[in-house]
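Pasting a structure here, questions to come.
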Amino acid sequence: LLLKPDQPGRTIMASSSSSMVALVTAVLCLTASRAQGQLQVGFYSTTCPNAEAIVRGAVTAAFANDSGVAAGLIRLHFHDCFVEGCDASVLLSVNPGGGKTERDAPPNNPSLHGFEVVDAARAALEQSCPRTVSCADILAFAARDSVNLTGGNALYQVPAGRRDGNISTADSAFGLPSPNLTADGLIQSFKDKTLTAEEMVILSGAHTLGRSHCDSFIFRNRERLASGTISPTYQALLESLCPTNTVQFRNVTTMIDLSTPTVLDNNYYKLLHLNLGLHFSDDQLVRNATLKASVDAFAANETLWKEKFVAAMIKMGKIEPKRPVPRGRSASIAASSTCHHHRLLPP
């Protein structure tokens, strides 16, 4: 309704009311825009309904040939999310700005593996629904499938819609949590990624799978031997496996979990109580009273740990994603059928 000019007070009120409506409308639009940009379960249900099944097929085929690939895929997802967010930058083999990429940096090379599984999944997806599924989402799906195949029995739902990044530098990889970090360093490293101390302990449980290179543990463990925080028998075994006077030293690996290295269980936590943690950082979880309480709980209750592990994996998968694309829009443009050369879509 229009107010008469001889009603100045009401004119002011009408103007104020109009401004308020405009402000509320703007806020609602912004909120809706943000909601649409969030990661969503079933993101590809319309544009590529078989996306998750295709990734699962690639992971299952690789796992049948080498069960160790599951640990590699879980670790790939972790290393991706902890550097520049979950954007598949860890997969890039070419840095547009020149220099080495994340995957070539010492924290990742030569320890990361599973790249070929991601590429197999990407190739199959490009055949089914070209330029639709992002490499970052492939990593998240593959990690979930690896958890399920190794005994997690948890085909949990993974929110998707991540956008691939196109920047990957070797220097950025040095921000990954080191196997030589103290308890305080570990807590801070995960806090920087919006993860709690308990979630750090939970995600560390993934060390029940896979192998580690000698240079990640042998030298710091000699200090642990002197302080009595590693089993002397265990350290002697590790020394025999890691002859530092040979050129092959850096290529030698050993199981992180002595008993069940290919099964996702809570044995990792039980080993910590026996001074059988492989890395200095693993052992730190029982040298801090708060962290040890979580270790004790998970060592006593595997079901509890697995439930929390799934929740922590989902939360980790939401670390700093690049601006999510509208539902159904392609998340990356493939220069090939691999994820080694993915490119970011224009805004």
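Here the Cβ of each residue, glycine as well, is placed from N, Cα and C on the backbone.
In TrEMBL, annotation is done automatically, which means it is predicted and not curated.
The active site, proton acceptor annotation in TrEMBL covers H79. Here TrEMBL flags D80, V83, G85, D87, S89, E102 as Ca(2+) 1 binding site. TrEMBL lists P177 with the feature substrate binding site. Among the features that TrEMBL reports, heme b binding site is placed at H207. Under the heading Ca(2+) 2 binding site, TrEMBL lists T208, D257, T260, D265. Per TrEMBL, disulfide bond is recorded for C48-C129, C81-C86, C214-C242. Per TrEMBL, the feature domain 'Plant heme peroxidase family profile' maps to 38-343. Per TrEMBL, signal peptide is recorded for 1-37. The site 'Transition state stabilizer' annotation in TrEMBL covers R75.
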Can you tell me how many other Cβ atoms are located within 10 Å of the Cβ belonging to G85 (Ca(2+) 1 binding site)?
19
Among the binding-site residues listed here, D80, D265, which has the most company in the form of other Cβ atoms within 10 Å of its Cβ?
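Most Cβ neighbours within 10 Å: D80.
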Are there any residues in the same chain, six or more apart in sequence, whose C-beta is under 8 angstroms from the C-beta of C242 (disulfide bond), and if so which?
C214, I218, F249, V252, T254
Please report the distance from the Cα of P177 (substrate binding site) to the Cα of C129 (disulfide bond), rounded to the nearest angstrom.
36
Would you mind reading off the Cα separation of D80 (Ca(2+) 1 binding site) from T260 (Ca(2+) 2 binding site), to the nearest angstrom?
26
For the Ca(2+) 2 site (T208, D257, T260, D265), what does the 8 A shell look like? I mean other same-chain residues with CB within 8 A of the CB centroid.
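Checked against the 8 Å cutoff, the neighbours are L209, S259, P261, V263, L264, N266, N267, Y268.
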Going by C-alpha distance, which of the recorded positions C129, T208, D265 is nearest to D87 (Ca(2+) 1 binding site)?
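Closest candidate to D87 (Ca(2+) 1 binding site), judged by Cα separation, is C129.
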Taking the recorded Ca(2+) 1 site as D80, V83, G85, D87, S89, E102, identify the other residues of that chain whose CB atom sits within 8 Å of the mean position of the site's CB atoms, giving them in sequence order.
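Other same-chain residues with Cβ inside the cutoff are H79, C81, F82, E84, C86, A88, V90, G165, S168, S172.
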Round to the nearest Å and give the CA-to-CA distance linking H207 (heme b binding site) with D257 (Ca(2+) 2 binding site).
7
Please compute the mean pLDDT of the model over the domain 'Plant heme peroxidase family profile' (38-343).
92
